[in-house]
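Contents: one structure, followed by commentary.
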């Protein structure tokens, strides 16, 4: 169904104009219109008689719109395929959500030349993330920031269209010839029509093909199960490609694949001494974790001579809101000096200091994680030039 659905981002609520599986437990979103500009409470979506689909906020300001430029009456329809269309009785389809994928494709959907979609920022944040799937002769996966191809069909530029049906995902040439099978649903050991399916480029940079049984009699658990992952081991593939370009990567020796084929973070043993001090709860974070928690260091709390603070949400800690201080490069004088400073701060108990919850010490990045103050000025306490007494 197409509707506004409530989401939480950085501790604040808002709404996405989205399509999701209506009959499944939970809300598996397959398409959204305003992923980078969430709508406030009281927003509404309307279809005008001349074919303009518009999402507006309570003040009437336009958040998102699609204009079909039709001369006659236009109707909207939610198809069983998960495709929302704007059409006329005479001209057929004028616009469809299948032509503007966000980070997923569904059976019946095709990707034509120059089609692309972008991963979500995290599993809890649907805004645009770090990875992109792009069809330009070859179907390829890119890192957006640099950009670097870390997986490709390597079909010599002859790929023209990607199709996704009940049996799998395929890359075809311009004349319709099958070039490569990208993923298959045959591993279900059942008729593929007995499953809901979707393929998604996830926030970790992996393109996964999922199935969900339509009936419990299928013999498979009633959850989304991954059949294929591309690339198979992101912890191995991505660093190799980035290092060739001289780029540092969060997916490094700290990353390993779990039994569910998802990357897991393991921290160096040298940090363990800072995690097990009696009476002190302190945690070491990866830089990637804090970048995700701050939504790419988006919401600034304050800045000072030595650091800049950002609001962050720890999704693995029941959405706890914290403050992340990113130290300027001129402050840090090597790893040992930074860790000594962390040790000193955590042993300090003073009425004018908010609690230090953790830190990150990865490459050239030095960050401190503090509790967030609901009252008073957090910026004053973290950035004011004051002395302990």
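Each residue, glycine too, has its Cβ placed from N, Cα and C.
The shown structure was predicted, so the numbers you read here are calculated from the model rather than taken from an experiment.
Per TrEMBL, the feature domain 'Bulb-type lectin' maps to 1-99. Residues of the domain 'Bulb-type lectin' (1-99) grouped by DSSP class, helix first, strand second and coil last, total 3 helix, 51 strand, 45 coil.
Under the heading domain 'Protein kinase', TrEMBL lists 295-389. Mean model confidence for the domain 'Protein kinase' (295-389) is a pLDDT of 69.
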